[in-house]
Structure formats: C-alpha cells, structure tokens
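Chemist: Quick one: this structure, given as structure tokens, is what I'll be asking you about.
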C-alpha cells in the first residue's frame, strides 16, 4: 500500500475523490489472489477479476471526466487573464496620469493571479502524473499475478511499457474505443503545456514593466518588497510546474491506447503527432486501393492458370510456380520499397503500379507467344508491384490517432475484398468470346489481365497527379530515424549511468523496484523542490539513503525474452499462408479433374472464401476478448490440421473435400488474425517503428509463406504427375500430409515456449 500512501500524501486534497483509488484496486486484487488457487472457486475467481476490471474502468472514466473539466476551466481562466493583461497594458500601464505606485500594485495583483493559475496547473499536472503512475503500477502487479485481459474489438486497450527493459504488455478494458481520444489528451496534456507557456510569457511582460518602473520611477520600498516577494513566489511555482510536467510526461509516455484494428492491420507503432498527421483522404484511398488491387491481381490467375498452361502445352504442375513467381519478386522488393519510403512515398506507389501494368500486359501477351518464360517474367513483374508495406506504413506514419482505426479497418477490408474479387472476375469473363485485334487474342483467359492493367493505369494516373507526397510536409524519414536513434542512444547512456551510480537518477523510473512497490529516483527539478519545501540549504543537505536498485536487465536478457515469442508469431503467420496457398493452388486441378468444374465455378468458390475474411476477422476480434491469443492460435492450427485430413482423402466424397477446404481456409484466416494480435504484444518496441519494423516483418512472413505454399503444391504435383484421378489422390496425400506436419512442428514449438507467449 506504499503507493496508496504516496497518492494520499502528494494529491491536491480538494480533488481527493477524483484521483485513482489505488488502495481500492489493491484490495480487489488481493481478493482475487485469495481464491486464485482454491479448487472449486473458478467462478468466484473469474467474477472477482471482472469486478476488478469494472472498478479500474470506472476509475479511468472518472479520472478522464474530471481532467477534461479542470483543463477547460484552466484554459478559460488563463485566456481571460491574458485578455485582461493585454487590456491593462493598453490602458493602465500606459496611463501617464496614473501614479507609478498604482501601476506597481496592479502588476502585483496580476502576478498574484498568474501564480494562482500556475498553482492550478501544478495540481492538475501532478494529477496526470500520479494517476498514470498508479495505473502503470497496478496493471503491472495484476499482469504479474493474474495475467492480462485480452483486448477486444470496439473497446479501448492499454499498452503498458517498461521504462528499462523495453518490453510491454497489453491490457484490455470494457471502455468504449471512442475514449482513446480523451485518454490521449490527458496523456499528452498539451493544453496544460500551452497554458504554462502563456503564464510564463505574461509574467515576463509584467516583469519588464516592473523593471522599467524601478529604473525610472523608484516607487516606495514597501511596494517593491511586496512585488519582489510575489516574483520569487511565482518563480518557485514555475520550477514546480516544470518538475510536475516532467514527472507527468515521463509516466504518460509509458501508457498507450491501442485498438484491435491497428493490430490486425499490422500497425504497431504509436500514431504520429497531429502536426505530422498529413495523410489526406485521397492518399489513404489510393494506398488502400493499391493494396487491394495487388491482392486481386495475385489471386486473378488461380482459377484459369491450369487452362492457360494447357494452351501452351506446358505441364499443369507448373501452376504453383507461376503463382509463386510473384512472391519471389515480392520478398526483396518489399524491403527495397520500405527503405525507399525514407525519402518518398509517392515514388514507390508509382513504381509498383507501373510494374503491375507491365506484368498484366506481358501475361496476356504470353498467350499468343505460347511462351512459358514470358509467363514467369510477367508474374515476376507483378510481384515487383507489391507495395503493401508502403501502404501499411503510410497509415502508420501519417494518419492521425482519431482516424487510425477507420484507416486500419479500410486497409484490412481492401485486402479482403481484393482477395475475393480477383477470382470472381473468372466467372463473367469465362464466357468472353474469343476476339483478335492486331494479332492479340482477347478471350476468357487473357481479358482479365487486360482489365487489371486498365485499373492499374487509372490508379497510376491519380497517383501521379493527385497523390500528395507526405514527406513534403515534414522531415525526411531518414532524418526522423536518425533522431530516434540519437534519442535511444541517450536513453541507453542514461541507463548505464543509473546502473553504475554515475550522474543523476534515471529519467524513467522502473515499474517496480526491489521491494516491488516504491519507485526510486527523481529528476533535478524534483530534488530542488524537495529541498525548497523542507527549507534545506544546498550546502547542508544530505542525500537521502537509497534502497538498492534492482539491476535492469541486459540487452541480451531482453532479446532472449522477446525473440522466441516473436519467432513464434512469425512461424504462425508463415504457416497460415502455407496452408492457404497450398489449398488454393490445388483447387483448380482438383475440381477440374475430379468434378469437371470450369474456371468460373472455381472463381465463385474462391470468392466465397475470400469474402469470409471480413466476418472471420470480426469473429477473431470478439474471441480475442474471451480466449487468449495462444489458445486461439492453437485452435486455429487444430482447425487447419482437421482441414488437411479432409483434403488428404483425395476429393472423395465431395462434401468432405469442400468441408476440409473450408476448415483449412478459415482456420488459416483465424491463425493469421490471432498471430497479428499476439505479435503486437510480444514484439520488442525497437521493431514497432522505423524502416525494418514489425509491419515489414509480418509482410515478409506472409509473402514467404505464400511462396512456400506455391512451391510445395508445384513440387508435389510434379512428383506425383497429378493429371488423373488416381494421381490426384497421391498428390492430396503427399501435399496435405506435409502441410499437416508443418502445423504440428509449429504447434510443438509453441508448446515449448507456452509460458512466454502473452495472451
């Protein structure tokens, strides 16, 4: 209860009812611990956890309401006082007929009122710092003993960061997501900083008038002493304002609000400051369209690739390799585009559109040349158009906090719609009559690529002439990265001094010290204020004895604790794409050989599976509030494995093949969504932003998984000569048994680090 005593001691007593009731939350936590390990008390345990969460939510909501009220009052009062000072400057202070001693009295009165407002700012800033510190400490204790509550779609989640060790954890709430704006306003407390600057500026102005009066008029000594006393008092308040603001900022910087949509879209870094949020609605639309078009382009050829290869006299087993050429090109170009975004966002999007236009034209042209090499070149060119990492980073770097949830949802939806609409084109275009124009063939196998080239051309036009380069409004991303690295280097140096005892104490105190409760260290301003409040003389003050600090973890310890769970999420993202792509690639050959399906029917089935992405993501958002991510991932792996069992049967009976495909496809979607959610919790903060960030890691994991799925399907098809019903059974047994084996291996790795996985 030591921190509860700290709050009682340092709080502004008239506001006592509005501070975080830390003692109450500690009691609720102890009540949970009383029944945590008692047999037969599982329902009581869960009920008390929900009571704790409800109390915490109520405390946070009450805190936000009170902060907003007091902030508005201070803004209004400081604004009125600024107006009055301006009015007095124009009238009283420039009135030559008014005695100087009356002017001095007016200055004294105004400085006194400035001091009052400064004191209110001190109280409210300390309110922010103490409450954020309390939230951070109580949630750290709760996570240590009871775990964390899973975030869920539509509700606010809190990310709590450790100041020294770099890792963080996520705590869900039942507060509406709309409160994130109010929470961010309190965390940033910009209005209080602005009011502080206004008070300091007003005092500087009044002090100049005071100096002029002293120099030329020499008012009586009593007024001078009164004014000097007032000046010393307000300057002490300024020191206190700086100290409390530093404490508030230090604690607020370790608490962040998060949304489920951000995690699903692969956005792990905090949103930009308002002045850096320069994304335009058209820019966001173009980036989402680019991502959706690429996924449509990727899926476009799947229903017809077997017939396309048959027309050329090529082995249908090359279908997986043709599809996978996109991934071969996409893996290196994604890294290149990510580096390019340090200097430009517009250029990579333009380049990707041009590559996709060329890829589609070459693909259709290869039909008339009957050249398998041209098909490979065409798909490689299409892979060079993969700018999804750029599209994702545009949202992460330039979309404001209030718009980020909508932007994240738009990005996820664009990808899902693209995956569905690509195969759907095969249905109406499958009956397109064969036409020839200047030696080029337009039919059901080629016209879809021509249409995609046209759509990419439209996107290219709008990108060139209407997409506004965001980096024109701010520093280059390379400069930003350099500044971030310098800041991190400074933090590391400060932490080194803390460990060795050199210099002042850390700028960010640990969540818990050796005894698990009281935080150590205060900055120089806080120490100066303490000396002033106790009337210490600097030359006689003795430093207080310090309890031995718990040595912060080394970089090696941090990496060893974060790399295994991060690798687990990478593997689950990878295997989710292997499962999906191996099934999707084999679908046309299976259905055509065994059931006599045409490309249009295959396209309809893939469209149904593609549109299932949206409700599945919605379902993942709901389940994540009730089921831990690691359990959700395990369930998805089991579903995928059961789907592989249905696929292994070789297509007979038909309902079993379709059911197996449904389980494999939907299970892979759940696996992808849950993996993205868990990655946001286990990823090291150093990978949350920058060029080589977690979003890039997620993109590359998925792309590599698709490539492996394509190569697996193509290799097994080649080895088993899958061209007749008997050989299709061999293909199914070999291919999907291998996929199931990969799922088992990944699950075994998850079990080996089960306790390290968050959620």
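The backbone N, Cα and C atoms fix where each Cβ goes, and this holds for glycine too.
Where the annotation comes from TrEMBL, it is an automatic prediction and has not been curated.
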Chemist: Would you mind telling me which of 258-278, 279-299, 447-467, 468-488 TrEMBL tags as transmembrane segment?
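Modeler: Going through 258-278, 279-299, 447-467, 468-488 one by one, TrEMBL gives transmembrane segment for 447-467.
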Chemist: What range among 572-595, 596-619 does TrEMBL record as transmembrane segment?
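Modeler: Of the candidate stretches, TrEMBL labels 596-619 as transmembrane segment.
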Chemist: Please find, within the list 517-535, 536-554, 631-649, the residue stretch that TrEMBL describes as transmembrane segment.
Modeler: 631-649
Chemist: Looking only at residues six or more beyond either end of the transmembrane segment (347-363), which have a C-beta under 8 A from one in the stretch?
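Modeler: Cβ under 8 Å, 6 or more out: 286-287, 290, 293-294, 297, 301, 337, 340-341, 374-375, 377-387, 390-391, 446, 449-450, 452-453, 456-457, 459-460, 463-464, 467.
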Chemist: Is the transmembrane segment (318-340) in contact with the transmembrane segment (369-387), using at least 3 Cβ pairs under 8 Å (sequence separation of 6 or more) as the test?
Modeler: yes
Chemist: Determine which residues of the chain contact the transmembrane segment (318-340) at the Cβ level, with the cut-off under 8 Å and only residues 6 or more beyond its ends counted.
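Modeler: Same-chain contacts beyond the flanks: 298, 301-302, 305-306, 309, 347-348, 351-352, 372, 375-376, 379-384, 386-390, 393, 581, 585, 588-589, 691-693, 696, 699-700, 703-704, 706-707, 709-715, 717-718.
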Chemist: Six or more residues beyond either end and a Cβ under 8 Å away: which residues meet both conditions relative to the transmembrane segment (447-467)?
Modeler: 282-283, 286, 289-290, 293, 296-297, 300-301, 304, 346, 349-350, 353-354, 356-357, 360-361, 363-364, 385, 425-426, 429, 432
Chemist: To the transmembrane segment (408-427), which of 596-619, 655-674, 731-754 is linked by the most Cβ pairs under 8 Å?
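Modeler: The stretch with the most close Cβ contacts to the transmembrane segment (408-427) is 596-619.
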